[in-house]
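Student: According to Swiss-Prot:
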ACT_SITE  His182  active site, proton donor/acceptor
BINDING   Asp23, Glu25, His182, Asp187  Mg(2+) 2 binding site
BINDING   Asp23  Mg(2+) 1 binding site
DOMAIN    20-195  domain 'Exonuclease'
SITE      Phe124  site 'Important for substrate binding and specificity'
SITE      Phe147  site 'Important for substrate binding and specificity'
Amino acid sequence: MIDPVNIDTLKARFRGFYPVVIDVETSGLNASTNALLEIATITLKMNEDGWLHVDNMLHFHIKSFPGAILQPEALALNKINPNSPLRFAVTEQEALVEIFKMVHVGIKAQQCNKAIIVAHNASFDHSFLMAATERTNNIQDNPFHPFVTFDTAALSGLVFGQTVLSKACEYAGIIFDKNKAHSALYDAEKTAILFCTLVNAWKKLGGWPWKPSLITNNEGYHK
């Protein structure tokens with residue numbers, strides 16, 4: 001049961017999970033063989049009235065790991081030149097140390113148990129983060145749940161009937177510049193705002209805290 005005194009906390013709202021928005025840009029679709037080239041991480045906070053907001057942010061350009069396959073079509077899509085010195089790229093290890101440090105601080109501050117990735121088509125971002133974690137031997141320090149995610153594509157499909165990030169943002173009243181898409185930082189910012197909008201709308205509509213009276217018995221089985 002939810003403690004009615006503490007319902008307006010991240011801990012209560014997400015069953016002890018600490019939601020963290022992640023967006024990655026890569027050199028292909030295979031997390032094992034393609035490079036993680038850019039990652040943005042955004043933590044969230046809940047105010048005293050239970051409304052979800054963006055909190056802290058980290059953004060890194062990443063050096064491709066040795067032997068990574070760099071697919072030209074992927075690089076054309078995200079407009080990344082892996083060899084450009086202007087990227088000021090860091091290693092996967094350097095980026096993950098800072099990301100995990102920020103997330104661990106947030107977990108402790110919010111009295112949560114574990115972080116959970118929030119992403120648009122979350123299985124993709126989750127797979128690349130986990131692969132990088134294995135490559136850098138950071139598994140023990142990894143604060144994220146090994147398989148559970150919050151997918152804003154699925155949530156937007158439920159709420160708006162739209163699964164594309166730009167379309168979901170449009171329906172949510174969030175300005176989305178398609179010319180800035182496929183930047184990890186830009187997409188993470190929009191995903192974070194979208195997730196907050198969805199969570200806050202559900203609360204505003206009376207869905208949180210949950211009341212069994214909102215549905216009738218076996219409502220999903222009615223023909």
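Cβ atoms here come from the backbone N, Cα and C positions, even for glycine.
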Student: If you count Cβ atoms within 10 Å of the Cβ of Asp187 (Mg(2+) 2 binding site), leaving out that atom itself, what do you get?
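Tutor: I get 25 for this one.
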Student: For each of the recorded sites (Phe124, Phe147), count the other CB atoms lying within 10 A of its CB, then report the residue with the highest count.
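Tutor: Top count of Cβ atoms within 10 Å goes to Phe124.
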Student: Going by DSSP, is Asp187 (Mg(2+) 2 binding site) part of a helix, a strand, or coil?
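Tutor: DSSP assigns Asp187 (Mg(2+) 2 binding site) to helix.
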Student: What average pLDDT is reported by the model for the domain 'Exonuclease' (20-195)?
Tutor: 98
Student: Restricting to the same chain and to sequence separations of six or more, state which residues have a Cβ under 8 Å from that of Glu25 (Mg(2+) 2 binding site).
Tutor: Leu37, Glu38, Ile39, Asn78, Ile80, His182, Ser183, Ala184
Student: Please identify, among the recorded positions Asp23, Phe147, Asp187, the one with the smallest Cα-Cα distance to Phe124 (site 'Important for substrate binding and specificity').
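Tutor: Ranked by Cα distance from Phe124 (site 'Important for substrate binding and specificity'), first place goes to Asp23.
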